[in-house]
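A.B. asks: Please see the structure below; I have some questions.
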There are 2 protein chains.
Amino acid sequence: MKQDKGLLLVLSGPAGVGKGTVCSTLRESDANITYSVSATTRAPREGEVDGVNYYFKTRQAFEDMIAKGELLEWAQYVNNYYGTPLPYVEKSLESGNDIMLEIEVQGAEKVKERYPDGVFIFLMPPSLEELKNRIVNRGTESMDTIHERMTVAKDELDTMDMYDYVVVNDEVESAVERIRAILTAEHCRKDRLIEKYKEQLEAEN
Amino acid sequence: MKQDKGLLLVLSGPAGVGKGTVCSTLRESDANITYSVSATTRAPREGEVDGVNYYFKTRQAFEDMIAKGELLEWAQYVNNYYGTPLPYVEKSLESGNDIMLEIEVQGAEKVKERYPDGVFIFLMPPSLEELKNRIVNRGTESMDTIHERMTVAKDELDTMDMYDYVVVNDEVESAVERIRAILTAEHCRKDRLIEKYKEQLEAEN
C-alpha cells in the first residue's frame, strides 16, 4: 500500500515582510508539519545550533553540494551561500510528512520548477492593502507617491502570479491562522485525494 | 470601487451522508456566511417557518418560477418540487456575502454549469475510508462484498470529479472545521485576489 506523500509548502514574499516571524509562530502552534533546515556558509551566531537553526558549511562543502545537485535551491547574499538541502525535503515528503520551506522569492521560483505541485504561499505586506484604502480615499496623497507605490505593487504582483495563495501579514497570529487553514484545505483538495482512491480501486480490480 | 463578490459554496454528497447536520452545525458556529433557503411544494411540518426553513409554494407558483428561470436548480422528489431561488443567491454574491447551498448531487451539477467558479465540496461518507482500511487488511471480507463496495465507490468517484474538495464526514465537528478552513483558504487564493488588485492598479494608471 502506497504511503500518501506529504505536502510541500513554500512560504515566501518580499524581503522584510516577516516570513521568519510567521514561520516561527507557526512552529510554536500545534500544526503537524516539519520545517526544512537551510544550509549556509555564514558563521553561527551565539546560541545557534548546527542542524537546528542551520547546517553550517564551509564554502568548499557548500560548493560541493551545489556541484552534486544536493540543493533544491540556493543563493548568495552578502558573500555567503544559503540553500535548501534536497535529501531532507525528499525524505519528509516520501514518508508522508508535510514540510515547509521559508525562502526568498528567487528560491521559491526554483522550487516551483522542481515541485510544481507544491503549495506556494505569498506572504504580502499590508502595504498593498493600505494602497487599496488610499486609492479608495483618493486625493490624500500626491500623484507621485501613488505612482511610486503602484510600481512597487506591480512588481509584487508579477512575482505573486506563480503562487497559489496570498496571505496578508497584517497580524502575525491571523496570518498563521490562515496558513493553517490553507494546510487543512489542501489536504481536502479533490485532486490530491482522487488519485489515492483511484489507486486503491484499481489495485483491487 | 467595485465590491468584492462573495463566494458561492456548494455542499453536496450522496443521500444520507449527513449534509443537513453538517450544514446546521456550521450555521451554529460563527462562520461568516449566509445560507440559501430552498423553495418547495411540500407542506410545512410543525414549527417550520416560511422564508426560514423553506419558501413554501404551491405547485402552480413553483412551476411559474421554473418557467421564468427564477431557480438556479430544481428537482422533484416524492411528488414534490425542491429548488434554489436564484435572486437571493445573486443578491448575496453581489453584495459580497459568501453563501452556502446544501443540495443533492444532481442539483450541484446544474449549479456547476452556471457558476463554475463556485467552491464545490463533496461530503463523503466514511465508508470509502473504511473500504480503504478493508483493502489494507484484506482477506477479512468475501470477494463479493468487496466487489459491491468497489462499484459503489466508483460511482461516488465519478460524481466527485467535478468537486474542488472532498470532506469525509467521520465526525460532524471535524467536518465542519475542515469546511471552515476551506472557506478561509479560498479567500486567500491568489486567483481570487489578483484580479482585485489588478483592477485597482489599472483603474489608477
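Cβ from N, Cα, C; glycine included.
OK, TrEMBL features for this one:
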- A:6-184: domain 'Guanylate kinase-like' (DOMAIN)
- A:Gly13, A:Pro14, A:Ala15, A:Gly16, A:Val17, A:Gly18, A:Lys19, A:Gly20: ATP binding site (BINDING)
A.B. asks: Just checking, which of A:Gly13, A:Gly16, A:Gly18, A:Gly20 (binding-site residues) has the fewest C-beta atoms within 10 Å of its C-beta?
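C.D. replies: So among A:Gly13, A:Gly16, A:Gly18, A:Gly20, the binding-site residues given, the one with the fewest Cβ atoms within 10 Å is A:Gly16.
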A.B. asks: A:Ala15, A:Val17: which of these binding-site residues has the sparsest Cβ neighbourhood within 10 Å?
C.D. replies: A:Ala15
A.B. asks: Within the same chain, and leaving aside A:Gly13, A:Pro14, A:Ala15, A:Gly16, A:Val17, A:Gly18, A:Lys19, A:Gly20, name every residue whose CB is within 8 angstroms of the centroid of the CB atoms belonging to the recorded ATP site, in sequence order.
C.D. replies: A:Leu123, A:Pro125, A:Asn169
A.B. asks: Which residues does A:Pro14 (ATP binding site) neighbour through Cβ under 8 Å, counting only same-chain ones at least six apart?
C.D. replies: A:Val105, A:Met124, A:Pro125, A:Glu156, A:Thr159
A.B. asks: Give me the count of other Cβ atoms within 10 A of the Cβ belonging to A:Lys19 (ATP binding site).
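C.D. replies: A:Lys19 (ATP binding site) is surrounded by 19 other Cβ atoms within 10 Å.
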A.B. asks: Mean pLDDT over the domain 'Guanylate kinase-like' (A:6-184): what is the value?
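C.D. replies: The average pLDDT of the model in the domain 'Guanylate kinase-like' (A:6-184) works out to 87.
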A.B. asks: How would DSSP class A:Lys19 (ATP binding site) in three states?
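C.D. replies: Its secondary structure by DSSP: helix.
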